[in-house]
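Below: one structure, written as structure tokens.
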Amino acid sequence: GRSSYRAFTFSLTFLLYTSFHLSRKPISIVKSELHKNCSALNELSTASSNQLPNLHTAAECSWKPFDKSNYKQLLGAMDYSFLCAYAVGMFLSGIIGERLPIRLYLTFGMLMSGLFTCLFGLGYIYSIHSLGFYIFVQVANGLVQTTGWPSVVTCIGNWFGKGRRGLIMGIWNSHTSVGNILGSLIAGYWVSSNWGLSFIVPGLIIAAMGIICFLFLIEREYCYVIGWTSERLVPFAFQVVVVKSESEPSAISFMGALRIPGVIEFSLCLLFAKLVSYTFLFWLPLYITKTAHLDAKKAGDLSTLFDVGGIVGGILAGVISDKLGKRATTCAVMLLLAAPIVSLFPRLNISMLLVCGGLVNGPYALITTAVAADLGTHKSLKGNARALSTVTAIIDGTGSVGAAIGPLLAGVLSSQGWDQVFYMLMAADFLALLVGADAC
């Protein structure tokens, strides 16, 4: 029945986007392998060379070109090349996605993401030491990964009405954290022995999921299929070609999407909310290492509590907004509470990680899912649901600008003390609250 198709689409899109995040995570795990403490490793290899035959010498222990004194800037350049390409590509992705079958567009993006993720790993297999090669792969991967989010949100929005959309999308949005955790585990398994496989295996996984997407994804509840003369629910086994009917509305333009009430306000709100979220994502393990004096593995394990809080926060935000019928008010209240909690964050403990993760990621999750789906099916569109991909791309693309800026600012400000970073995060939360309040 209809409910079984909905459950199938929910599960499939969850797994598809989990594989996107799974393929993005290896770079943060492999960074420590690209640049090692050479002097310490050399002493160790000299003391026990018979027991550690695979250990590199001091000259070889870092992967060129990341063996230089400015390795932090070089590793940072790879992050920003991906994030900036992702932010720019996202604006184009939604517009293109509205004009192509979602199933084919998403399949193409996943296969290409798999290719470029594997290419990064092949740099190890074939001993490629060109910074330009790795930057090119990151930029290309950032561009093709933008096919994912507008496509899966459009698909889930097509299948689920507004009734319990907040709750459903709050649960569904946990795929980002699940993908991050799986990506960490898979990349971590090979990082010390052969870091090339830390990229190749996730690359093969997302490519395989792309094939599954091509075979099984059902784009919307009612489809036009060659051979049928009327609208009807189509099992995936028969969904071969989706044909545009003469009465089907045309895709919305970029400016047309901007004119939908709330799109600009929520886009700017997400810019500041995602700035805060991604700053924690990139800098929290290092902050815990420096302030709590834990080793890198324990700091990484502890930082996952922030993600756990984020899952709970996203679901709570969805449930509350469904009950109240007010998405903007729910975001505003959580942002209002987030700023003082962030100011208390230096008093680090487990409950603070969970609460802060929930309040920071709750509004971010709600805006990128339920709010985007609501706006993409806004009453001003008079039933034209083909704006959903463009609206999703505009909102997430604007948010991705914040995702690129936040970690960059944190890197600059942290040299003057961690307090400066938290002042910046509090300011961003208040700005998100101000622009979000306009949407209330």
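Glycine too: its Cβ is placed from the backbone N, Cα and C atoms.
A TrEMBL annotation is a machine prediction, not a hand-curated record.
According to TrEMBL:
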DOMAIN    12-440  domain 'Major facilitator superfamily (MFS) profile'
SIGNAL    1-23  signal peptide
TRANSMEM  80-97  transmembrane segment
TRANSMEM  104-127  transmembrane segment
TRANSMEM  172-191  transmembrane segment
TRANSMEM  197-218  transmembrane segment
TRANSMEM  263-284  transmembrane segment
TRANSMEM  304-321  transmembrane segment
TRANSMEM  328-346  transmembrane segment
TRANSMEM  352-375  transmembrane segment
TRANSMEM  387-409  transmembrane segment
TRANSMEM  421-439  transmembrane segment
Under 8 Å, at least 3 Cβ pairs, sequence separation 6 or more: does that hold for the transmembrane segment (387-409) versus the transmembrane segment (172-191)?
no
Would you kindly list the residues that approach the transmembrane segment (80-97) from elsewhere in its chain, counting only those six or more residues past its ends and only Cβ-Cβ distances under 8 Å?
24, 27, 105, 135, 138-147, 149-151, 154, 251, 254, 257, 278, 389-394, 396-397, 400-401, 403-404, 407-408
Grab the same-chain neighbours of the transmembrane segment (263-284) for me: Cβ-Cβ under 8 Å, and only residues 6 or more beyond its ends, written as numbers and ranges.
28, 79, 83, 257, 303, 306, 310, 328, 331, 335, 338, 342, 356-357, 360-361, 363-364, 367-368, 371-372, 375, 391, 394-396, 398-407, 409-411, 414, 421, 424-425, 428-429, 431-432, 435-436, 438-439
Best-contacting stretch, by C-beta pairs under 8 Å, relative to the transmembrane segment (197-218) and drawn from 104-127, 172-191, 304-321, 352-375, 421-439:
104-127
